[in-house]
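Colleague: Have a look at this one before I ask anything.
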Amino acid sequence: MHRPAQLGPPPPNPSSSYYLANSDRRSKPHRRQAHRRLRRLRQHEYTFTSVLKACAGLTDSVNGTKIHGVVTKCGYDFNLFVRNSLIDMYFKLGLEAFAYTLFDDMPIRDVVSWNTLVSGYCLGGYVDKARWVFDQMVEKNSVSWSTMISGYARLGRLEDARWLFDAMPVRNVVSWNAMIAGYSQNEKYSDAIELFRQMQQAGSVRPNDVTLVSVLPACAHLGSLDLGKWIDKFISRSRMELGLFLGNALADMYAKCGCIAEARQVFDQMREKDLVSWSIIITGSAMHGHADEALAYFYEMLECGMKPNEITFMGLLTACTHAGLVDKGLEYFHVMEQDYGVTPKVEHYGCMVDLLSRAGRLEKAEDLINSMPMKPNVIVWGALLGGCRIYKDTERGERVVQRILELDSEHSGSYVYLANIYASLGRLDDAAKCRLRMRDNGVMKTPGCSWIEVDNTVYEFFMGDKSHPQSNKIYSMIRELGLKMKLAGYKPKTDLVMHNIDEEEKEDALSTHSEKLAIAFGLISTSEGTTIRVVKNLRVCNDCHEAIKIISGIVQRGIIVRDRSRFHHFNNGKCSCNDYW
DNA sequence: GTAGGGTTAG
């Protein structure tokens, strides 16, 4: 690739591949000669186009421009294929001006040329321009449609994407993949899964590895283990190769659905592993609280000659956080830049503040924030606020709240925290004022929401939700459990609930938290002994954590809850996090 | 064999 001069002298007039095909039919030797010339031409074409493609993929603008020079010198720059590749390369290198000039100078243009232009506009973020060109195109093929669809999807304009998807005459795998990936990458996970189901119902197109790589993250986020397992079987059934992307996506799905053992199995099974694979298995172990394994994987990875990046260190630091390994965490934090050349980002500082705050070292956490080379964000301060809440350091907490509200006047957690502190200090007027201010500013608390999958369907529950058709049964299950739990000595931890309601209402509010509803639904709709798996969008509250521990003992079932930051495996009245989270 | 679809953290 770096010595394109070796290509040898070009055929006399390479841009004339069109006439070559129809000329020189006078005699056999002539025809043979022409044939040979054509073949040589194609060979050069092929070499140029694939080298240009490589430059585009590697974003290697130095070699890209060099090869453009060679192409011109050999007289190939008006060859249709080569010209298309050149334009595409320049778009992908971000050198739009070159691409436009080349496009304008084309003697002939085909669908591919126009598709390249549309794709180039999309890459530059000019979707509306792309759409204008697309609408003008007389001849369109499925590539044109898919290009437009993913152009919209990349910018989050899913409705426009979907409109085109529905409008296109013939859909192939790539069109389906583009739309599914669009949903998946814009966090519309249920839509991604729904469309995947429609794809199978349509039956005309068989999903390929790319389809699955787009659906698996959706399963991972929603905790849709049934579908994930089905995909795993589908992979072995159709003898698909477990390549890097597919293996990574599958392992991550298992890890995020609470099956760390299966994740490890997939990981071990993969013949090739890259940095992403290692990061997945390290982060996965961390989420399950298996800090030792996360660290072991880290060292194994180093032995394989992999260089850790910022994501790898996020995994390591969260592993330390969830296991309370403060000193280890500090050690890695210091070493990451010195020994591995990975500069800590805000996220890493956030992780460290979290680690220190949870361990009760609030002073040190605050010092760390003040020593940050960049501006601390709401997440970093929020981690400290969490510590203040656990260790009831109200003085520091108030100070932190001020800083948070300076950054984000709509930070709901701060208002709730402040109101609760005032209330617990008996300053009910201040508490009321705080809540009023919250309402006046239009601050909305993120509603707690839990998902559970039963019979291939993911059900969603909000706090106090009564929209489920089996609502009555769910609530009587909760009442029944409540009685048994009281007998087992459980007392609701009402101190973190809003203070403007009385004790009985507080208990009620607690008992209808979304995770409890989901668990109750799981209990009535699955057979005895089945493990219950719930995913929650926020962190599990203290009371729910206690309650679920007891429930797991009463019903003799494993209950696995994934909250915003980690996994809790409840069994026989205990939780895998050892109450440290 | 020039154009379109893909995994990890926050």
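Note: Cβ is positioned from N, Cα and C throughout, glycine not excepted.
Residues annotated as region 'Disordered' in TrEMBL: A:1-32. For A:110-144, A:172-206, A:274-308, the entry in TrEMBL reads repeat 'PPR'. The annotation domain 'DYW' is assigned in TrEMBL to A:489-581.
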Colleague: With helix taken as DSSP H, G or I, strand as E or B and everything else coil, how many residues of the domain 'DYW' (A:489-581) land in each class?
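Modeller: Counting residues per DSSP class in the domain 'DYW' (A:489-581), I get 38 helix, 16 strand, 39 coil.
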Colleague: Taking residues 6+ outside the repeat 'PPR' (A:172-206), which of them lie with a CB under 8 Å of any CB in it?
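Modeller: Distant Cβ neighbours of the repeat 'PPR' (A:172-206) are 142-143, 145-146, 149-150, 152-154, 156, 158, 161-162, 165, 214-215, 217-219, 221-222, 224, 227, 458.
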Colleague: What residues elsewhere in the chain lie close to the repeat 'PPR' (A:274-308), defined as a C-beta under 8 angstroms and at least 6 residues from its ends?
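Modeller: Contacts with the repeat 'PPR' (A:274-308): 244, 247-248, 251-252, 254-256, 258, 260, 263-264, 267, 314-316, 318-320, 322-323, 325, 328, 336, 340, 342, 562, 565-567, 569, 576-577.
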Colleague: If we skip the immediate neighbours and take only residues 6+ beyond the ends of the repeat 'PPR' (A:110-144), which ones have a Cβ under 8 Å from one of its Cβ atoms?
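Modeller: For the repeat 'PPR' (A:110-144), the sequence-distant neighbours (Cβ-Cβ under 8 Å, at least 6 residues beyond its ends) are 80, 83-84, 87-88, 91-92, 96, 99, 103, 150-152, 154-155, 157, 160, 168, 170-172, 174-175.
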Colleague: In the repeat 'PPR' (A:274-308), how many residues does DSSP assign to helix, to strand and to coil?
Modeller: 26 helix, 0 strand, 9 coil
Colleague: Within the repeat 'PPR' (A:172-206), count helix residues (DSSP H, G, I), strand residues (E, B) and coil residues, in that order.
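Modeller: Breakdown, helix to coil: 27 helix, 0 strand, 8 coil.
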Colleague: What average pLDDT does the predicted model assign to the repeat 'PPR' (A:172-206)?
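Modeller: Across the repeat 'PPR' (A:172-206), the average pLDDT comes out at 96.
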